[in-house]
Amino acid sequence: MSITYAVSYAGTLSAISPKSVHFAIQCSPRNQFINPNSSSSSFGFSACLQGSSILQLDSRLVLCKRRQPLPFVVRSSDHPQNADPPKQYSKREKKPFPVPIVDLRRAARERVKNNKDKPKRPLPPPKNGMLVKSLVPLAYKVYNARIRLINNLHRLMKVVRVNACGWCNEIHVGPYGHPFKSCKGPSASQRKGHHEWTNSVLEDVIVPLEAYHLYDRLGNRIRHDERFTIPRVPALVELCIQGGVEIPEFPTKRRRKPIIRIGKSEFVDADETELPDPEPHIPPEPLLTESPPSEIAPPSSGEETVSLAEETLQAWEEMRGGAKKLMRAYRVRVCGYCPEVHVGPTGHKAQNCGAFKHQQRNGQHGWQSAVLDDLIPPRYVWHVPDVNGPPMQRELRSFYGQAPAVVEICAQAGAEVPEQYRATMRLEVGIPSSVKEAEMVV
């Protein structure tokens, strides 16, 4: 909507284009200007001034609403030119809650208030012990996407060099390491923060995050004395198992009837003896397996490298997107002080937290709801603007962007960078060619 404010004299309204003039004044006819006894003065002039030569103005707004097409404006918040990677919290800081604790308490009070004097509704799956049938195919896709990602990264890392520091956990994707003084490992002060780059392995790119495997996700919590008797599996694999993936090495309890609640935290299993024998499970798609090291071969041509990079990036996005949907149904907990992850409604009781001030908590974990980056750490690395160009300069550090290590490996192999990573990689930011040119940037 545009507002046109036109100017008119002697009772005639002049036509003014709304594109050029948006505000104008409509005045009374001329005879009202020279009439000293006019009673239509809207400015409250006193009687002594009415006979003078001061003109009396009778102005009023004329609002003319006209529909005009709004211009298309791209805001920086929708498509930012550059953005910082997620904050890395130190060992002395606690992770923030995904939802503030005040909002959680307010929502709990509202839930109790709304459900007051209402009959209790049956629990939906998976809270009643049943599987979410619609998420079973997704769990298989996430599991296979993880296997494809691991197999493809083994091959890509033979043509794209990944450097790892021998003293800290930092890595860099490129023909040689970056020059930034960011090492925080042992004897870092003697080396003045410089890294000592060595060869890397797959575990440097994909963080090996493990969790306890639960035979019954609604069973009793794992005690401290049971921490060595229960097997541990990759956390994402455990999420897929609870989502419906059947792996013979890790059996799990599958109920065919919902549980019967007898208390707030007590339940009994329903009688399933009257049900017929369960049919053999038919997976929606066959499960893939990791390739042995003897069968891993680098790509034979540049076209195959680009195709492999595109497939790897697609598997990365499919794995993260599917895991995010599974986490909405199957709860995942993370310690607020250390990287420990537990897939289940409540965390375990093993007292193996060694984070900051763990003595005050007797080694117990501070469980809270996990986010996607807690389950699949992206492992951000510096983005190299030109692999075949000049090396990165320490003085131009603020001009370089960052990206997850998997995305950076695929980008250097020739894959197209997805839109959601372009801001943190700062692909739209011009990098000065020298330090003198950088000093001239305002």
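From the backbone N, Cα and C atoms, a Cβ is placed for every residue, glycine too.
Note that the coordinates shown come from a computational prediction; the quantities given were computed from them, not determined experimentally.
Taken from TrEMBL, the feature compositional bias 'Low complexity' covers 287-302. Taken from TrEMBL, the feature domain 'APO' covers 164-249, 334-419. Annotation comment: TrEMBL describes 74-95, 109-128, 271-302 as region 'Disordered'.
Secondary structure by DSSP for the region 'Disordered' (109-128): 6 helix, 0 strand, 14 coil. When Cβ-Cβ distances below 8 Å are used as the criterion, the region 'Disordered' (109-128) is approached by residues 217, 242, 258-259, 261, 329-330, 345 of the same chain, each at least six residues removed from its ends. Counted with DSSP, the domain 'APO' (334-419) comes out as 19 helix, 14 strand, 53 coil.
Under DSSP, residues within the domain 'APO' (164-249) fall into helix, strand and coil as 16 helix, 14 strand, 56 coil. Per DSSP, the compositional bias 'Low complexity' (287-302) is made up of 4 helix, 0 strand, 12 coil.
In the predicted model, the domain 'APO' (334-419) has a mean pLDDT of 94.
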